[in-house]
Amino acid sequence: MTTFYTVISWLSVFGYWLLIAGVTLRILMKRRAVPSAMAWLLIIYILPLVGIIAYLSFGELHLGKRRAERAKAMWPSTARWLSELKECQHIFANSNSEVASPLFQLCERRQGINGVKGNQLQLLTTTDDTLKALVRDIELARHNIEMVFYIWQPGGLVDQVAESLMAAARRGVHCRLLLDSAGSKQFFRSPYPAMMRNAGIEVVEALKVNVFRMFLRRMDLRQHRKIVLIDNYVAYTGSMNMVDPRFFKQDAGVGQWIDMMARMEGPVATTLGIVYACDWEIETGKRILPPPPDANIMPFEEETGHTIQVIASGPGFPEEMIHQALLTAVYAAREQLIMTTPYFVPSDDLLHAICTAAQRGVDVSIIVPRENDSMMVRWASRAFFTELLNAGVKIYQFEGGLLHSKSVLVDGQLSLVGTVNLDMRSLWLNFEITLVIDDDGFGADLAQVQDDYIARSALLDGELWNKRPLWHRVTERLFYFFSPLL
């Protein structure tokens, strides 16, 4: 009996170390950034069992077998659709401004299509304006409405959107609603899913979360896009979730969330439509490719319209596209670069690009909220401040609530607006969407909004920052080490 227990003990020890060695080898064999690999190895060696479970759950980007098969199966038809779209030569821009050309060239070569012209574009900077405009557009819808959001939380003006959407479905408009399971958990626990389905709306819970799915796909892979499409002509996207900030996270102690959305009319709705169609097919297996733009029924404002490129990221889309786009935009800056983000945990490459821009004379400003709803991100982001300040970057801490807008403005001409935070999760993992706009008129509108943010912010003083307590520095460095995993 003693020999039996001895053998079992030795086998357990051998299996334990074999498991650690196997996971270590897997981490080293994966093509990932060195800081990310080192962070995972440290967790596994300090807390082996917890670290291994965490790595298998969150350490690798896998969509799940069923969704991966759907993503693979949809691309032949999607490629044919893109080929047909290219035949609509009248919607594509033939030239871009000097500052925007490198980014538009990158997008064309990696995504297969150029930016589309002839769009009307309106920047909405308050939730009230956005939701009221959305209700009006829903009431005018005749054919189809598609929506995808990370968070849909009932309450306030959001309920008016829900009622107008159900009314549209009852009068025969084909309505589809795709919501992230984790972000919209309160919605799926409310009466609204049943009410909407009874009204005729297709409601889909994306990337469902439960303990039994932990080892089937990465659980922190989220559907983070915010898109509304109406009649394949009107479109919305930006940073705003389907929430009324007067009722959302009021106990978080960060104030109301501040967002921006872009409302568009024109052929850009078609390019956003193909992104939505891909998401819908990956989640449901149903194919809903949008019709190509029809010049006979869709008015094109070629002389005054905006040129817009759509960048989509996530499993099944071009790898590192968002990251490459941001790097290209930063390196294109010659005079001014302004960035707003709620979560600032950049990659080493992006941090280096921002600092280099400031060091070569570009006026660089970053606007972040003073208070944050994520303690880990709050401390991790501050670990980058010293390097940014030393490079000459101006850091503004917004004091009027949780600044949730995500925007980049380069030389007053090139704008990026969408759902992407400047953190690892948005850059490498989630389903995200970003608009790239080459237009000085829209740039002026965005600059006005950013100036308003700056007016409601406090400029971080480098001397005072260097006098912060030692325990602050230690905490920042601790969370900085785990920043590749945030």
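Cβ coordinates come from backbone N, Cα and C, glycine included.
Pulled from Swiss-Prot:
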ACT_SITE  H224  active site
ACT_SITE  K226  active site
ACT_SITE  D231  active site
ACT_SITE  H404  active site
ACT_SITE  K406  active site
ACT_SITE  D411  active site
DOMAIN    219-246  domain 'PLD phosphodiesterase 1'
DOMAIN    399-426  domain 'PLD phosphodiesterase 2'
TRANSMEM  3-23  transmembrane segment
TRANSMEM  38-58  transmembrane segment
Exercise for the section: For H404 (active site), identify the closest of the active-site residues K226, D231, D411, judging by Cα separation. Expected result: K226
Fill in the blank from the handout: Averaged over the domain 'PLD phosphodiesterase 1' (219-246), the pLDDT of the predicted model comes to 92
Handout entry: H404 (active site), number of other Cβ atoms within 10 Å
Key = 24
Practice task
Please tell me which one of the active-site residues listed here (D231, K406, D411) sits closest to H224 (active site), measuring Cα to Cα?
Solution key: K406
Completion exercise
Here the Cα-Cα span from D411 (active site) to D231 (active site), rounded to a whole number of angstrom, reaches 34
Completion exercise
Across every protein chain in view, the count of C-beta atoms other than its own within 10 A of the C-beta of K226 (active site) is 23
Practice task
Calculate the distance in Å between the alpha carbons (Cα) of D231 (active site) and K406 (active site), and round it to a whole number.
Solution key: 27
Problem - Neighbour count (Cβ, 10 Å) for H224 (active site) - result: 25
